[in-house]
């Protein structure tokens, strides 16, 4: 009955009877907070004596059945804990009270002793306001109880404690196992029981010693072999298998399990990476095999076509045409053949419905006839080419792209088309817009939307000092033509392209008028069908040539374009740019070499060619290329022009052969002024008319650029006058500050101002301008006018996901190094930061938060720091920013999941804290998720070097803010916004959950010292996750706005 009463009294003390006065939060005593907020299961674990009441039975015998007269009331217990943890007070000393004070200090006030309540008074044990007077029958307290010095009553010891009757150590004068002495001058006074229950840092006298366990408060049992017992244990814990635990062991050595987890994690990652690599490699090999078979098939088909054409010529010369027409007829009857023979008419082509068995009876077919039979009987052997008989084409049409499902069918279709195009190119060697109309009219070459660019008085100047970088540029770029922009260094060639495409810097002002297809629309409205090749080779180095081209085609071609046509486009670009040999090679980076610089330049151009642009702008595409590579590139561009593509590129000084391959030339002089804008074939005629002749055996562009540079000085005109001469030639207005250069200049005789800047017989740009056009340039964003629907966010997300996954797999070595560094940090901190029960091991977790945050943030910077240029190029081309961001974040979730395991595989098994591995893993996962989002912000907002400094500084500073200055309200306020505060609180709470019984006051003091609460564990995890989400939102906003 008394045991039940004590247990219930513990519950009532904790939850029912204590009233808390309203005080300032910093002055609320730890004891009151603890006893009010402790949960029922905690109290049950500390004061549940129903399983062993021997100490109560013994006490009843000792007190002759009146034990309740010696128990502390609720008021005395409250008074004890308020005194125990009051600020400024000395731990273990109870404040003076009515029973123990300077005037009255009875023997019951000594440690380990207590007195009966006076028999003439009535009191209730649950009374929390009034303390009874205790002066009667003072004697040592019962075993299993502790009697604080200065209180004269006894309180039951919590489970996990050892409270026997003390014995006097005559050599030291101390009552063992406690640390109090018998008061001098009191010969009848003896040692009592325990005198204090406090946090372990203040007094650990009653805690069951390490290596032993205390099933009740009177018995202490040594740990047996194969078990370990921590301090304050009530039971012994079995050691893990494969570990050795000797008798009286306080902790188990689980380093071996850490090594096992380390090895297991390494094997798991190795399997994942190898398996993924094998899957990708197998798929690529199968695809390469299908592609090679299709290419071989296409070549054989082309050779068969050539043999057929050769045979046809022989037959036409040797009189075999009539014979072969009868032999291979599929539609004409024997009667009609005989009529044609009788009339002597020329046999007509036979239809496909004619029977295959028609042949001459009296003559054995020859080898040529057998070959032609095989061509007709096996239609798959000559897919994609024409068989001409009698001047009419009978064509085997390939299946449509939507009807093709296998890789083999798609590749056969693609390579068949490519070989057919090669044959047509052979017939049309001079690839000019007017000379290959038959090729351009081919139904297999899809026409693209035409873009014609008109520009008038296009001027670009610096806002700060109004310096002109480009001035009074008037002309047009026409579809189906290849235009070159040339001039000396600093003439504004790249600036011209930037002004034309709306890519000017923020500090520049652009004036003038740009018309797209005769309309005053911003060029950005056609972004989806405009390709821009930057001067630098901005290509993903950790992807192969084909993967780079394939990704660009998937994201930028029309969403409804069949897969077969997309493959055809990619294969055609690879073929035309001469990249077949390196299609499966990594492009390479600065650190890791890949393909050559010239090949990388061609890949840079190919990224724009695969999206089938209507306007293609190239900034110095031939820089670094040899003559043959430059010609190869330009031939590929000329083929694009056949489809109506408007191509304009910046060049320095091309060779004579390369120069003649252009249709138009824009020649800029110093200051961004036009010296010539018109057809290439008329440039020498124009300059000859103003007295500048190109010497024999001199490359025209070299000679003209030397004049513009001032190296060559013609006698009739100065280099400063060349732009003015061009304005006079075309009748353009001359700026006021350039009028002095017109002295002595006049329009050349016989010149026609209306033949400038265009093509043969075309009108001048001024004549073509609408009369109501405003002299202003609009570069604001508007609706999409490209008439091309590219894949949506979800499809682009899948494309990005596949690309980023490949990139991460190819960075496996770097990923392994990151994990090894984390494991090394875990091993060091797990060894050096020993577990301390006094602080619930918060120091080790503080170091863990700093280490994991710092290493995870620095590693996560690579997600956005290394490909900023590639991202800028892709987003300017219209690729989804959101798909790009979500795909990277999705792949990075692998690191969020695996990095906590890597760290804990060393830290947890070297440190062996009381908290569970699962709790530590969940907290670290939320922590890594949070800091990864913060790393995104740093990587996007700053340059790589600056971002690394911030990543090293932020975790340290935020941890200091979260752990220091608990007494400052300001610091506490700012600390709540630090992710480190919530991570540390979660770790401490997870550890505190493992402390019970005699550890309750220690847990209370540690939680109060950090300002933590047991109920905030879910809140801590939630705040870390929310912090990660907010950081990702901020990172995406910065990504979009930069």
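Glycine is no exception: its Cβ is also placed from the backbone N, Cα and C atoms.
Within the set 701-742, 743-784, 785-826, 827-868, the record from TrEMBL flags 743-784 under the feature region 'Disordered'. Under 8 Å from some Cβ of the transmembrane segment (254-276) lie the Cβ atoms of residues 240, 242-243, 805, 809, 812, 815-816, 819, 823, 827, 830, 898, 901-902, 904-906, 908-910, 912, all in the same chain and six or more residues away from its ends.
Counting only same-chain residues 6+ beyond the ends of the transmembrane segment (1021-1040), those with a CB under 8 A from a CB of the stretch are 864, 871, 881-882, 885, 889, 922-923, 926-927, 929-934, 936-937, 939-941, 979, 982-983, 986. Residues belonging to the domain 'ABC transporter' (453-695) score a mean pLDDT of 90 in the model.
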